[in-house]
């Protein structure tokens with residue numbers, strides 16, 4: 001069976017990648033990632049039970065989160081580390097099973113497929129012996145890559161035959177992947193929430209349960225949105241408690257003459273460690289793509305060698321990384337196949353990986369040693385200037401709420417007629433130029449609220465301001481879409497409205513990968529309707545599932561700039 005992947009917006013032909021991923025992943029990588037998800041589901045079966053009887057599940061919790069994150073689009077292309085993850089997962093699964101048995105669980109080793117119902121309350125249907133059949137995901141084991149390959153052939157997306165059940169299972173899984181990404185960053189800063197892990201396990205097990213109806217899976221998808229809000233709130237707390245609340249900041253997009261390191265991705269802990277270790281070395285630090293919002297945090301502003309932001313969204317990295325001249329640290333997605341001309345300057349860390357590039361692992365105390373990349377930078381030329389000037393950002397919820405009187409007055413007087421939430425992701429497709437044109441053509445009495453790398457389609461345009469309020473308010477990274485929700489809820493309260501949809505806010509969101517999926521589900525949980533997704537609707541939505549979203553939530557897509565602006569403004 002050939003590979004099949006349709007988790008990102010660029011799925012081939014709007015249907016799915018079957019030969020090689022548009023992202024660059026090979027068939028082997030795609031299938032290994034399918035197997036990782038299957039192993040994670042097996043672990044979830046046991047960790048759910050272990051949690052119920054009070055056993056420590058921290059190792060499994062961490063593995064589930066990291067594994068889901070490692071399969072996000074453009075995160076990891078390293079076959080060796082992905083296969084090692086499968087092997088590690090099988091060991092964790094066995095360890096959990098042994099711990100449950102030791103704690104009093106009953107396991108029929110001869111039949112190798114039944115546990116007593118006392119310890120399998122989340123599995124299957126009771127048989128006439130008051131036992132439940134255990135899923136293959138819980139019992140499958142192997143110890144070599146060849147067996148991994150054979151198993152991977154049988155556990156991919158298309159293993160679920162019913163199109164609608166498959167669609168809902170994948171929608172739920174992709175929401176969990178996005179949730180895992182945000183939880184990983186919070187965990188790295190010492191913040192966690194057991195209820196989020198418990199839901200993730202419950203949802204993973206549910207994707208194995210053939211007795212669940214489409215309605216039951218739909219309810220789980222919406223529940224996923226609730227935990228999406230929770231995880232974004234947790235990460236917001238982690239980031240702001242550690243580094244302060246983002247504040248209005250002018251960010252330099254030019255360069256200096258010192259050698260530099262470019263840091264990309266989302267992990268602020270890595271950002272902090274890199275700034276500390278480069279201080280006094282003569283090496284400058286620049287952010288790239290989704291790391292741009294690090295410039296807004298007060299804690300990072302004390303570093304004089306933190307220059308600003310270099311370049312644009314992730315998909316332009318082939319050209320921009322070449323021009324940067326120095327080494328690049330990829331802390332998370334998005335990494336694309338590097339050119340030979342700069343591949344030796346790429347370093348990965350965390351769950352990110354690419355075959356043939358250097359990976360920086362943490363030591364036993366959790367800290368990372370960036371000395372190799374720092375010494376590498378010293379041997380490199382300074383960055384080539386590709387832009388100059390400044391961009392402004394830092395409009396997360398705390399900053400915007402500080403401006404609330406000014407914003408509310410502008411709405412009441414009619415100076416601001418409507419807000420447009422244009423959060424989300426950027427990507428390669430030329431049709432995404434729609435978002436640049438949309439921003440340009442919006443009436444001058446409108447304000448764009450953004451988060452994520454979608455901002456690069458318009459954050460360098462001169463769109464002016466309204467009574468001193470910039471017409472593009474950048475809250476931060478994709479997870480800072482949480483800030484946009486907080487702002488909307490506060491405005492609802494200020495204007496004494498019953499329904500969040502009564503606000504003069506329209507949602508025109510560009511999506512790309514699975515973090516955008518959890519943001520969407522979170523917005524649906526908060527009651528937001530009439531969200532428009534583009535440049536295309538997800539390939540993983542079957543016609544019937546798409547119909548549910550359209551009929552119940554008013555989900556739509558984009559058409560032309562003129563038609564859409566007219567529709568939104570009416």
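Easy rule for this one: first residue shown is 1, then count along the chain.
Cβ atoms here come from the backbone N, Cα and C positions, even for glycine.
Here the structure is a predicted model, which means the values were calculated and not measured.
Taking Cβ-Cβ distances under 8 Å and a sequence gap of 6 or more within the same chain, the neighbours of residue 23 ([4Fe-4S] cluster binding site) are 8, 10, 17, 73, 74, 336. If you look up Swiss-Prot, you'll see 5, 8, 17, 23 marked as [4Fe-4S] cluster binding site, on the strength of sequence analysis.
Taken from Swiss-Prot, the feature hybrid [4Fe-2O-2S] cluster binding site applies to 266, 290, 334, 425, 453, 478, 513, 515. Secondary structure at residue 513 (hybrid [4Fe-2O-2S] cluster binding site), as computed by DSSP, is coil. Counted within 10 Å of its Cβ, the other Cβ atoms near residue 513 (hybrid [4Fe-2O-2S] cluster binding site) come to 25, all protein chains included.
Remark: residue 425 (hybrid [4Fe-2O-2S] cluster binding site) has 9, 452, 453, 454, 478, 510, 511, 512, 513, 515, 516 as non-local neighbours, by Cβ distance under 8 Å and separation of at least 6 in sequence. Sequence annotations record features per position, and here Swiss-Prot assigns cysteine persulfide to 425 based on sequence analysis.
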Around the hybrid [4Fe-2O-2S] cluster site formed by 266, 290, 334, 425, 453, 478, 513, 515, which additional residues qualify by having Cβ within 8 Å of the site's Cβ center?
289, 314, 333, 452, 477, 512, 516
Please list residues from the chain of residue 266 (hybrid [4Fe-2O-2S] cluster binding site) whose Cβ is under 8 angstroms from its Cβ, counting only those at least six apart in sequence.
181, 185, 290, 291, 331, 332, 477, 478, 479
What are the sequence-distant neighbours of residue 334 (hybrid [4Fe-2O-2S] cluster binding site), meaning same chain, six or more residues apart, C-beta distance under 8 angstroms?
73, 74, 75, 264, 265, 289, 290, 314, 315, 317, 513
Given a 10 Å Cβ-Cβ cut-off, pick out the one of the binding-site residues 5, 17, 290, 453, 515 that has the most other Cβ atoms nearby.
515
Work through the binding-site residues one by one (8, 478) and point out the residue whose CB has the fewest other CB atoms within 10 angstroms.
8
